[in-house]
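One structure is given here, and the rest of the page talks about it.
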Amino acid sequence: MRPEELENKAKEIFTEASKHLKTKQQKKQKWLSDEALQKMQERRIAKSKGQHHEDYKKKAREVKQIIRPDKKKYIEDKCEQIENNFSKNRSRDAYNIIKSLTKTFQPKSVVIKDENGNALTESRQILDRWKREFAILEARLEGKRRKGRPTRRWTEDIKEWLQISPTEAGREAQKREVFRRRVREATSTQTCQNE
């Protein structure tokens with residue numbers, strides 16, 4: 001396939017997929033009216049088309065004039081709800097509304113600590129701490145046995161250590177003294193080989 005054909009095929013796939021996929025809807029403020037949203041769209045179009053700066057400024061001013069009363073009405077409605085909740089002894093609902101009006105976004109701040117429990121502040125120290133932590137994790141993972149069946153079976157180990165088949169070892173196991181002597185010999189030769 002030539003590059004041009006490949007490019008055309010990719011464009012075709014993307015356009016077909018975009019027809020079936022939903023676009024992520026933008027979050028809008030609860031207090032925005034439909035008129036305000038329409039004016040905002042007009043302002044956005046004016047900005048993207050690069051129309052005269054004065055025209056864009058005029059549309060932005062119109063949006064602000066429409067938004068102000070909408071927001072004021074929304075807050076007044078919420079205040080009324082708070083008062084009603086307090087009068088009906090539903091303080092939890094009232095405080096939840098207050099929280100929704102006053103709470104601003106605060107990102108979580110997680111403090112990275114060193115081995116002694118002291119907080120690390122500099123980015124270099126934090127990076128070094130993460131490097132050490134991952135090195136420890138890697139060392140732990142390397143020592144573990146891989147998943148799945150082991151490559152050797154215990155019968156092969158018996159053949160190697162005792163120099164007889166597992167069935168013969170079973171027969172000899174019935175004669176305890178002979179079997180114990182053979183196991184002692186096998187383990188002593190095994191330890192000598194390991195050293």
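Backbone N, Cα and C atoms are what each Cβ position is placed from, and that goes for glycine too.
Whatever TrEMBL says is automated annotation, not expert-curated.
Copied from TrEMBL, the annotated features are:
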- 17-63: region 'Disordered' (REGION)
- 20-30: compositional bias 'Basic residues' (COMPBIAS)
- 31-63: compositional bias 'Basic and acidic residues' (COMPBIAS)
- 120-147: coiled coil (COILED)
- 169-195: region 'Disordered' (REGION)
- 186-195: compositional bias 'Polar residues' (COMPBIAS)
What DSSP reports for the compositional bias 'Basic and acidic residues' (31-63) is 27 helix, 0 strand, 6 coil
Rounded mean pLDDT within the coiled coil (120-147) lands at 73
